[in-house]
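Feature annotation from Swiss-Prot assigns domain 'tr-type G' to 4-220. Taken from Swiss-Prot, the feature region 'G1' applies to 13-20, supported by similarity to another entry. Marked as region 'G3' by Swiss-Prot on the basis of similarity to another entry: 90-93. The annotation region 'G4' is assigned in Swiss-Prot to 145-148.
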Amino acid sequence: MSDKPHQNLAIIGHVDHGKSTLVGRLLFETGSVPEHVIEQHREEAEEKGKGGFEFAYVMDNLAEERERGVTIDIAHQEFDTEDYYFTIVDCPGHRDFVKNMITGASQADNAVLVVAADDGVAPQTREHVFLARTLGINELIIGVNKMDIVDYSEETYEDVKTEVDKLLKQVQFNANDAKYIPISAFEGDNVAESSDNTSWFDGPSLLEALNNLPEPQPPTDAPLRLPIQDVYTISGIGTVPVGRVETGTVSPGDDVSFQPSDVGGEVKTVEMHHEEVDQAGPGDNVGFNVRGIGKDDIRRGDVCGPSSNAPTVAETFKAQVVVMQHPSVITAGYTPVFHAHTAQVACTIESIDQKLDPASGEVAEEDPDFIKSGDAAVVTVRPQKPLSIEPSNEIPELGSFAVRDMGQTIAAGKVLEVDER
């Protein structure tokens, strides 16, 4: 683990616009491709009489492995820039991407949007930008990729830029904050250093732009919220819940409550990386032990918080959702599974209160009969089993969710208000 500040980075954009290649290139340029992978390629290259290690080999190999059905997990690859230590959180195309992006399994701080110069804005470009906006990603760096295919044409680059700008304004992203960079992930132009092929461009390289991102501000003033991932029994210690602190801090001596299981007690010890610590804060993965709590008292999906400000348990909640893919239409009474932080609970959409214009967020229709793919709406939701969830304007880390059904992510959303049980 690096002592530089940490950034979670999402790489988003339409399929085949070059996201994997860009990830490969970023890892390659920052010396983060695992040594054994490089060695393997170097040997292959030498055997084939092509001395010298080429980036293309890494990518060819990734492509072959993908064809063999071995997905190269571009998620959770790590690289350093001068000022930051980056983790690439799930990239689209990864089957759980949308779910993970939403449920905070990988809350991204910032995102790189990859748009192919020869294709421009495509359907998933829209979906991912809208998602990024819904989930509170503020800084967007746009890599206009495959510039080599369009002969590094400034005119094409400007056309794509205009098109993306229009999209950002539609979803109310602050377009002035967006940084555009003409790149070729395959050839390496403007990824690590400025390219002579785009002499008309005087902006930073992609790595420079990443290095110039503002530092994420972890919310320490919010109360402790620690979603439980697993519960272990460790001999000599007892029951040890494990999870990531999303907000606030936890220390030995704290009086805590687990919701919705509705049990509590005093924290005895807090451990990180097998060492006892006096305090853990946002982003820390911890195991801790609470006096009087047994293995059967709590479970994955519970949220731990201070007894004086216990996590909220919803009888019903109002949420703003965007429907990404549904084979037909969604009507009141539909009961898919909601994934929020570490919890997975079947929830019924009791009513569809308003249909929104996805571009402006304005109300387009009151009490619509149904919503379908591409629609945004405000809905009232009733969990079928107790669920701890928070309004996203108060604790955003516990205020967003993914809706899954039939093995796919149907919708994403954020909690507007909670009617407590």
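Including glycine, each Cβ sits where the backbone N, Cα and C put it.
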Near the region 'G4' (145-148), which residues from the same chain, at least 6 beyond its ends, have a CB less than 8 A from one of its CBs?
17-18, 21-22, 114-119, 157, 182-187, 189-190, 197-198
Within the region 'G1' (13-20), count helix residues (DSSP H, G, I), strand residues (E, B) and coil residues, in that order.
2 helix, 1 strand, 5 coil
When DSSP states are grouped into helix, strand and coil, how many residues of the region 'G4' (145-148) land in each?
0 helix, 1 strand, 3 coil
In the predicted model, what is the mean pLDDT computed over the region 'G1' (13-20)?
81
